[in-house]
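Undergrad: Following this message is one structure expressed as structure tokens.
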Amino acid sequence: MKTLLLTLVVVTIVCLDLGYTLTCLICPEKYCNKVHTCLNGEKICFKKYDQRKLLGKGYIRGCADTCPKLQNRDVIFCCSTDKCNL
């Protein structure tokens, strides 16, 4: 009986989803493919850029716990699925 109980406990632990970690893109270029695993608690991917610099400079991508605030002429896109901040 103890063996059966122990087996059930082990199977339960192995099968549990012990947590999900978001992955976001991080790089300063307009076109990006560098993937980063977010820290625990960071559940937002974002892409932020200055609308005056549309030719690819001034991009910031990353993970955050909340969507960053707008400043000056920034454009910010926030999302919550893997690599959604393309």
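Any Cβ shown, glycine's included, is placed from N, Cα and C.
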Undergrad: Looking only at C67, C84, which is named in Swiss-Prot as the disulfide mate of C78?
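TA: The record-listed partner cysteine is C67.
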Undergrad: If you pull up Swiss-Prot, which of C15, C32, C45 shows a disulphide to C24?
TA: C45
Undergrad: Where's the emptiest Cβ shell within 10 Å among the disulfide-bonded residues C38, C79?
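TA: Minimum Cβ neighbour count within 10 Å, taken over the disulfide-bonded residues C38, C79, occurs at C79.
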Undergrad: Checking the contact step here: among the disulfide-bonded residues C24, C27, C32, C38, C45, C84, which have a Cα within 10 Å of the Cα of C78 (disulfide bond)?
TA: C45, C84
Undergrad: Around the C-beta of C32 (disulfide bond), how many further C-beta atoms are within 10 angstroms, looking at every protein chain?
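TA: Around C32 (disulfide bond), other Cβ atoms within 10 Å: 17.
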Undergrad: Nearest to C38 (disulfide bond) in three-dimensional space, by Cα, is which of the disulfide-bonded residues C24, C27, C67, C79, C84?
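TA: Its closest listed neighbour, by Cα, is C24.
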